[in-house]
Amino acid sequence: MILICLCRQGFEKEVAAEITDCAAYAGIAGYVKTNADTGYVEFVLPDLDSATALFEAIRFDDLVFVRHWFVTPAIASDLPKEDRASPLMASAQALPPLAKLEPITLDTNDGKALVALTRGVTNHMRTVFKKAGAFNAKSDWVGQVLFFSGEQACIGYFPQSNGSLWVGGIPRLRAPKDAPSRATLKLEEAWHQFIPREQWDQRIAPSMRAVDLGAAPGGWTWQLVNKSMFVEAVDNGPMAENIMASGQVTHRMEDAFRFAPERAVHWLVSDIADKPARVAELITRWAENKWFKEAVFNLKLPMKKRYIELQLCSEIITLALDNAGIEYTLKFKQLYHDREEVTGHLVLF
């Protein structure tokens, strides 16, 4: 059995390190196979029981660099152009009952070129499955069809209760026309990732007070204003005029690393481009003073040792809060709209 882990192109090494560490901690044997810039990693498992144990032991939401995952019995090669579906149908005999079957693609130029082929083959297989009565709407397993090239593909499955919110791990969010930058989508995606949709009305509510550190030109502030919050935007740079015209934003032209709020707020957000450890220390200072209830922040990772750097930044925050006796939850995720960075979510209790 092979666990396929999809990721941002160029982050295969980080995924390999992360899934190896998580599997080892759970006592699950396996080894990685990876190629640079392919957008995926293979984690080879000894048998079906190991795959089942892995899904039970590792929570997908605890993984940072893995965008999406599923298990496949094997990767089929040398698929005939006249009938690519039959070899995949044969491989599907080893799968549990599926609730549905989805086409997914790698987030690379080669992967995008295979969208039409993947959809066509998947639609054909769906028709065959439906005629055979093979789908079970009550099943937790979702089938996946992925093409690596025109001649190589696989069919696999993952549990709906322990996987990505989005098909293939890619969200379908539209950039608002009046937002000052596309960075606004990072915060929107972060809310989807870290906060259950049914809790939005309580946790992302109108009239809440928020601080945006390093706010200019206002991509993240726009999201807060759009949720009818009152925002202190901290940045020496200029803010977009339409955001300031809302009447909900106070522009503090100060150094984000030195700013201290006059009173605690509900939301702290930050997309500062600085050394990740320095940003982690900034978030820690705010947390130790209990100046917020929830925070979303980005850490810009270095080109080398990104996985190690993230662990160090996480330790900066957790060690300080543990020593202070503060209850919290801290999670990280490399979002689809992130680049050489990861997004953190810290909740204080």
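The backbone N, Cα and C atoms fix where each Cβ goes, and this holds for glycine too.
Features reported for this protein in Swiss-Prot:
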ACT_SITE  LYS300  active site, proton acceptor
BINDING   ALA216, PRO217, GLY218, GLY219, ASP235, ASP255, ASP271  S-adenosyl-L-methionine binding site
Return the maximum Cα to Cα distance in Å (whole number) over the record's S-adenosyl-L-methionine-binding residues: ALA216, PRO217, GLY218, GLY219, ASP235, ASP255, ASP271.
-> 18
C-alpha spacing of LYS300 (active site, proton acceptor) relative to GLY219 (S-adenosyl-L-methionine binding site), in angstrom = 17
Inter-residue Cα distance where the pair is the residue listed as 'active site, proton acceptor' and ASP235 (S-adenosyl-L-methionine binding site), in Å = 18
Do you know offhand how many angstrom separate ASP271 (S-adenosyl-L-methionine binding site) and the residue listed as 'active site, proton acceptor' by C-alpha?
-> 9
Number of Cβ atoms other than its own within 10 Å, given for ASP271 (S-adenosyl-L-methionine binding site) = 22
For the binding-site residues listed here, PRO217, GLY219, which shows the highest count of neighbouring CB atoms within 10 A?
-> GLY219
Give the three-state DSSP assignment (helix, strand or coil) for LYS300 (active site, proton acceptor).
-> strand
